[in-house]
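Student: Feature list, courtesy of TrEMBL:
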type     : residues  : note
TRANSMEM : A:30-54   : transmembrane segment
DOMAIN   : A:31-232  : domain 'MacB-like periplasmic core'
TRANSMEM : A:284-309 : transmembrane segment
DOMAIN   : A:289-406 : domain 'ABC3 transporter permease C-terminal'
TRANSMEM : A:329-356 : transmembrane segment
TRANSMEM : A:376-404 : transmembrane segment
Amino acid sequence: MIRALGRAATGAVSTIVEAGEELRIHRGRVLLSLVGVAVAICALATVVAAGSIAEQAMREQQERDGGRPATYQIDLSGMSGPLDPATAAPAWETALARHGIEFAARSAQFMTDVQFADGVVSTSIEAVDPDYGPMRRVQPILGEWFADGDAGRLAPAVIVNENFWERLGSPPLETHPTVQFVGAEPRTGVVVGVVENRGQWDTDPWAYLLFDDAEALMAPSPDPMFGGLYVTYAMWLPEGDAEAIASSVVDALELELAGVDVQVSQYRTDYAAYGDDPFAQLKLVIGGVAAVVLLLGALGLLTIALVTVRTRIREIGIRRSFGATAGRVFFSVLMESVVGTFLAGVVGVGISIALVRSPLAAMALNTDDVQDLPGFPVEAAVVGIGAAVLVGALAGLIPALTAVKVKVIDAIRF
Amino acid sequence: MTLVEAHGVGRRVELPDGSRLDILQGVDLVVEEGDRISIVGRSGSGKSTLLNLLGLLDAPTDGELEFQGRDVRRLSSGARDRLRGSEVGFVFQQFNLLPGRTALQNVQTPLLYDRGSGFWQRERLAREMLERVGLGARLEAKPDRLSGGEQQRVAIARALVRKPKLILADEPTGALDLETGAEVMSLIESVADESGAALVTITHDLAIAARSNRHLRLVGGRLEPLDAAPSAPAVPAPGTLASSVDPALDERLTA
Ligand SMILES: Nc1ncnc2c1ncn2[C@@H]1O[C@H](COP(=O)(O)OP(=O)(O)O)[C@@H](O)[C@H]1O
Ligand SMILES: [Mg+2]
């Protein structure tokens, strides 16, 4: 048993060794075709990588705007305008708890006056719950997003945008820089994080505050604006039964808010809500181009592999006369092709990585804003190497069959 | 021990025009371990075809052929290939070395098909075998850098590196001059002696034929003994080859 295994293992190793040696002997001949395969694989991997990066960029953009799949928003408005957040809060908490919803965040936008060194500026404030960060992929470039314990601090935690931070004099966060909110009852906030500006058009300072802190900040003031504040209630739900959960949350809210002048409704806001896959067409085009490129590479490889085998009929006959079985000859020719294209695939992917990582590509793909950008998409490397091996196996199949059909006696007679 | 036993073996081929050609007919032959057999015959008499049958490269269309007691026609093609690899060593007239490979690589080739320890020790075994045939200094030489005699010595090392029980030499000296041919034959014989292998040599050269102890000839696809063995089977010294051949043998051969 062990002996048989040992013999099988020796057989496998010797097949690979033989293929490697054959490849080395015929490297001149195969090199040309492998250059073609390497180029095709490089193109394929680059196209897949660029596509994946572009898709990631598009996805993140859409997620920033509409949330990640599946994001549902609840609208709580009555005849006289939006529902007062203080009235809504307990009902919202109860409905979330009852449905075991992990990610949910309220958000509201309002203006407040902030004291900067050069004067008071009316500044936009985004009042959000802590889950807003992961739900919208907000990642501070300095410091941290809000933690759950941040709410209710004496000096509320503030996350500012780059403009805001620069107007504060770009202080290191370790020095706990403060923000002066001026108004009926002035407050001091502490900057715990800095986020990127939203784009080139985003030239004003703005800041995130925790919803509960913002409420406290505004509460003492009799400002009628806060009463009419429009609050967005968003939930990030598992994609499978999001629709059912959202409807059930609406029912629960209606029950909790019975007797209150309010109309409860829900709607989905993430990109996946529109059609099946917004990237399907892009993927199709990219896949088509890659397939054509690879097909051409495979045809070139096949032609050269066939010629190579035909010139080696005598060698195959000699090998057979020294004990090579038909199966051995088949695998050895096939392996030669696969080992070759595998190496070509590695080279092609390597070049592709260099291309995609070059500053030129970053410019072309406009990846500045992509957050989850991997050095090189793993799927592109896997697709590239996988396609190379597959092409090697397919292109090697016909020559391998040709090699098996060699009649030993005819091959070695002269 | 009996290596090969042939009874009434025939080999027939179908020609492109549909007619049949009997290359071999009714061949009876027993090859025992350690035998030294020579087969002579005119060109086209079926010598190579017979050798291919003995070496499991081909199967008979008639009769019975056993290799080490096993019916050749009942062996699977893979089993036949493996048996050939471990038990048979071929030496060809045109050497048939793999071009572009060094002497060492050529001699290692049969060991690539050894599923036992031979594969793992292939380099050492090949080097030892090349040293044995006097080419220890030419390990890295490729065939196009070697003389005919040297190439045939590499081929001999390759044929014998797996210590086969049966060595089949198809006109091994046909492409060599007389003196080199005699040297090559001495080498094959002495290496075969060491491993106790049987040696079947096909030749046109009567001096070469005279070196074996059983003499056969093929006439029109039939194998027959050369009735009188050469009187002096002792190895002739190089240079005296032609004169040592029995004129009667020459007559019987060409008759
Ligand atoms: N596959 C084949 N098809 C047709 N004829 C063949 C085939 N193999 C051998 N022959 C013929 O059979 C005869 C014997 O061939 P061979 O054994 O090579 O002779 P030798 O080695 O004695 O010169 C020759 O005439 C050859 O042309
Ligand atoms: Mg012949």
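Placement of Cβ uses the backbone N, Cα and C atoms for every residue, glycine included.
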Student: With the transmembrane segment (A:30-54) as the reference, find which of A:284-309, A:329-356, A:376-404 contributes the most Cβ pairs under 8 Å.
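Tutor: The stretch with the most contacts is A:329-356.
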Student: If we skip the immediate neighbours and take only residues 6+ beyond the ends of the transmembrane segment (A:376-404), which ones have a Cβ under 8 Å from one of its Cβ atoms?
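Tutor: 37, 40-42, 44-46, 48-49, 52-53, 290, 294, 297-298, 301-302, 305-306, 308-310, 312, 316, 326, 329-331, 333-342, 344-346, 348-349, 352-353, 356-357.
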Student: Please count the residues of the domain 'ABC3 transporter permease C-terminal' (A:289-406) that DSSP assigns to helix (H, G, I), strand (E, B) and coil.
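Tutor: Result for the domain 'ABC3 transporter permease C-terminal' (A:289-406), in helix, strand, coil order: 100 helix, 0 strand, 18 coil.
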